């Protein structure tokens, strides 16, 4: 939830809410390579922001390997709920929190830091929320998508609608968190804000349990990483052997009755030429009497699935720069807004932090229109159930992200010139285009990436690969921090001390930094074009279609199962 990005417990609850309105110089010090305030920045609290997203991999692993999506969501939903309850209790009970202080008046110097039991309770609660949220998020998408059969043309169309609907729900939640929930925290206190979050989480769990008799559950497949490691180990051990010229001579290529077992969709599978080194894992020992270990001999089914995993990594990597831009919109763009005219009426001023709600307001309108009108229209020309393939959708989003930074650079130049040369403060509405463009970009990229991973993912790994989309946020924010530091260091030799040297946007050259991001975004788009074309031209599988009416055949849609002998994931458990 968006609340997780705003948590601070060094002072009293209202003081924390007021801290969000502090001058921009104090808010973004840690992003600029300058010494940060030890009271307000860094430490375990800052690390928790990232762990929310990295823990998604844990949730994906547990779901695919042992628990299944439903039980993973239920168990870790209660973990997240307990964290919110603990945070609310601590924020409400005076004995469990530090003395009240006003960080605006004292600059945090007179505020007492929480230590001992108080700090322990806070961090335990915070990490319960992080662990629960990280494990729940990827499974929500995967479990919902599991309710649709990709082999059914009708349900395939519905699956595309589901991905759009899921993102619409996410946008509504973000908008509520950025507006109503922040207002509640500011006016009623953090204890009430955490309490509301706990209540909403409880309602979510009730809703989840209410549909238990209607779900189609895919059973866990056992340890999902073991077959992957077996392929790499076997290929390494047989690295000096030569693959037969006829791929049908490899172990398991002629029959599906091997020790790992092939699902009905993999019966005609033979090794492809992509990553040919891995095919050596299928070379059988010439001594027919010798029975080889699974760590020395693998099936083509295993090998091809590993190839799929390796193939999607470049696509995933191309979205990291996209999330770096997201990080800038949540920091520097808000700082820009604080230096602009925020007056809407005589008595109402727009909080700069609420600028982040602009993309979600637009998405709530655009996403239903996209699914209702554009998808059916595009489907007539492309034949794709989603209107356009996930790869094309991601590419269009990455292309738009560059223009978001172009808009930001032009606007910042105008704002800075007006403030420095004309001593004028322009309206905050000038900053709207960069948020609108990026919101549209996010609709294409985020939904396309989730749909791509789910469609490409091997059966039995949907939740884990869906979790990788959340890790892109973590890497993007890390890259953002690294990029700011590098820019400061490289440009520090100039007369003004660097583009982002000062804590004053009227002295810094944020516009040049935005132009740099625009250039990086465009280069990232070109890089994506290369890898997406390579992905289409070098499919990781070779099989005969099992269903002639499969709308995804030939459209970057491949699914295979690592442990199909153990569990056939087509057999849904009611």
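Note that Cβ sites are derived from N, Cα and C of the backbone, with glycine treated the same way.
Since this is a predicted model, take the numbers as computed values, not measurements.
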Annotated range (TrEMBL: transmembrane segment) out of 21-41, 42-62: 42-62
Per TrEMBL record, range annotated transmembrane segment [choices 96-115, 196-215]: 196-215
TrEMBL annotation of transmembrane segment - which of the ranges 337-357, 358-378 it falls on: 358-378
Cβ pairs under 8 Å between the transmembrane segment (162-184) and the transmembrane segment (512-531), at least three: no
Cβ pairs under 8 Å between the transmembrane segment (512-531) and the transmembrane segment (196-215), at least three: no
Feature contact check the transmembrane segment (119-142) with the transmembrane segment (308-329), CB under 8 Å, 3 or more pairs: no
Ranked first among 119-142, 196-215, 390-411, 431-454 for CB pairs under 8 angstroms with the transmembrane segment (358-378): 431-454
The transmembrane segment (119-142) versus listed stretches 196-215, 431-454, 475-492: most Cβ pairs under 8 Å: 431-454
Chain residues in Cβ proximity to the transmembrane segment (196-215) (below 8 Å; excluding those fewer than six residues from its ends, i.e. six or more beyond): 1, 3, 70, 73-74, 77-78, 80-81, 84-85, 88, 143, 147, 181, 184, 574
